[in-house]
Amino acid sequence: MSKPVVAIVGRPNVGKSTIFNRIVGERVAIVEDKPGVTRDRIYGTGEWLNREFHIIDTGGIDIGDEPIVRQMRHQAELAIDEADVIVFIVDGKEGLTGADEEVAQMLYRSQKPVVLAVNKVDHPEMLERTYDFYSLGLGEVFAISGAHGRGLGDMLDEVHSSVPQDIEDDYDADTIKMSVIGRPNVGKSSLVNTLLGEERVIVSNVPGTTRDAVDTPFTRDDQDYVLIDTAGMRKRGKVYETTEKYSVLRALKAIDRSDVVLVVIDGYEGIIEQDKKIAGYAHEAGRAVIIVVNKWDAVEKDDKTMKRFEKEVRESFQFLNYAPILFLSAKTKQRVQHVLPTVKEVSERHNMRVPTNVLNDLIVDAVTMNPTPTDHRGHRLRIKYATQVAVGPPTFVLFVNEPELLHFSYERFIENQIRETFDFEGTPIRIFARKKND
Ligand SMILES: Nc1nc2c(ncn2[C@@H]2O[C@H](COP(=O)(O)OP(=O)(O)OP(=O)(O)O)[C@@H](O)[C@H]2O)c(=O)[nH]1
Ligand SMILES: Nc1nc2c(ncn2[C@@H]2O[C@H](COP(=O)(O)OP(=O)(O)OP(=O)(O)O)[C@@H](O)[C@H]2O)c(=O)[nH]1
């Protein structure tokens, strides 16, 4: 199920980041605990009434040195193009401004669902400051205080009920949904074109999903695939589309709807921080991942170049240690024929199930080899049994005496044991501990 996208817009200083942090706060902290994964403060994941959503603070998208009103216009455009629901924040302390009115008109015309929130209403006696904002014509006005966390629940209820019903994907379960992501200019469009132009690929004209994205379904060797959001790669010439932060947003949305993600890096230019960030999202989302080193034709090579680059990839993307690496050239088509078979393989592993008895034998052996940790009180982790509870990605639950005793390093050890026994190349694995009393 794909997550709806909620965008926050509003003038500088109205409290967008404060509200963003309130909504994603704890989750960001959890994510940052994991090694190798970097997060910025503009995209986050929130959850309300059991539904997860992406949230973007458009104020953090750097749109260049422009007068405020123009920047706001770009931010609103971006929100209108990309979001399923827009949260428009205004400042109850300052009151209604001309810039607010201009943005309100754009949002109104877009016909996207808009939730209007008046921030900095820190005390009930300030409620009357919200009345002016009804004149914006956006319906209900939610009084909130980002600083005190007041009113956010009602606001999120409204966000929740404003999510359009038709954003689910409707591909059949056997179709492999894949996307090609990466920073600008690494060759994503070229790779897609080469893949689709390959012999024996039958591209169908079926339009994509109910969303604004344009997907490309095709068939190869009797396997149905769909390339998610290939139109998203087109440059549409809007100011914000050239910014780095925007390309992250596109990637996020595509990742969300995919089973398998091809993370493209530029073999000629090398790896930069932005590549890691984009790859980090694919990993966190639990998708199968293939690392594609493109433009390999342009690299001056000796017999060690590939090994050296591979080492660099492994060091830069430690959290993706399970991902196969393909060196290829979208331009000369060299080794592009390996892409779809690899996509199919990793997709199968992403959906692989391990029999419970085999899994438990493995755990017993693992514990014999490397005893479970104890804490400072001498309490030892005891794993009573394990079971696989989900696929896509394979997810295992260990039933234990005290879940807190399962530390990252032991979890990693168990993961490695699972990987040594079963071929899970290409897919992340999740392991959770649950308390089980005797
Ligand atoms: N009194 C009051 N102040 C708030 C509230 N929410 C945010 N502020 C303050 O307003 C100022 C701006 O908050 P930010 O969250 O940085 O605002 P922003 O809209 O993200 O600002 P930009 O990053 O410039 O776009 C800060 O000084 C906050 O402490 C609130 O609910 N009440
Ligand atoms: N030498 C070489 N050049 C390539 C290869 N693939 C793409 N290019 C070139 O790299 C440039 C960018 O290619 P695109 O396919 O537009 O890259 P993109 O990642 O889709 O770029 P954005 O749309 O900006 O995100 C173009 O000039 C391509 O011709 C390759 O395999 N080898």
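Glycine is no exception: its Cβ is also placed from the backbone N, Cα and C atoms.
Caution: TrEMBL annotation is automatic and unverified by curators.
Keep in mind the model is a prediction, meaning the values are calculated, not measured.
Copied over from TrEMBL:
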DOMAIN    4-167  domain 'EngA-type G'
BINDING   10-17, 57-61, 119-122  GTP 1 binding site
DOMAIN    176-351  domain 'EngA-type G'
BINDING   182-189, 229-233, 294-297  GTP 2 binding site
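The structure, with features from TrEMBL marked on it.
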residue	record	DSSP (3 states)
GLY10	GTP 1 binding site	coil
LYS16	GTP 1 binding site	helix
THR58	GTP 1 binding site	helix
VAL121	GTP 1 binding site	coil
GLY182	GTP 2 binding site	coil
LYS188	GTP 2 binding site	helix
TRP296	GTP 2 binding site	helix
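Counting other Cβ atoms within 10 Å of each Cβ, the binding-site residues THR58, ASN185, LYS188 show the lowest value at ASN185.
Listed binding-site residues: THR58, GLY182, LYS188, TRP296. Those with a CB atom under 6 Å from ligand 1: none. Taking a Cβ distance under 6 Å to any atom of ligand 2 as the criterion, the binding-site residues GLY10, ASN13, LYS16, THR58, LYS188, TRP296 reduce to LYS188.
Taking Cβ-Cβ distances under 8 Å and a sequence gap of 6 or more within the same chain, the neighbours of LYS16 (GTP 1 binding site) are ILE8, VAL9, GLY10, ASP57, THR58, GLY59, ILE89. The Cβ neighbour count for ASN13 (GTP 1 binding site), using a 10 Å radius and every protein chain shown, is 12. ASN13 (GTP 1 binding site) sits 32 Å from GLY182 (GTP 2 binding site), taking the Cα positions as reference.
Other C-beta atoms found within 10 angstroms of the C-beta of VAL121 (GTP 1 binding site) number 25, with every protein chain shown included. Figure note: comparing Cβ neighbours within 10 Å for the binding-site residues GLY10, TRP296, the maximum is reached by GLY10. In this structure, the CA atom of GLY182 (GTP 2 binding site) is 41 Å away from the CA atom of VAL121 (GTP 1 binding site).
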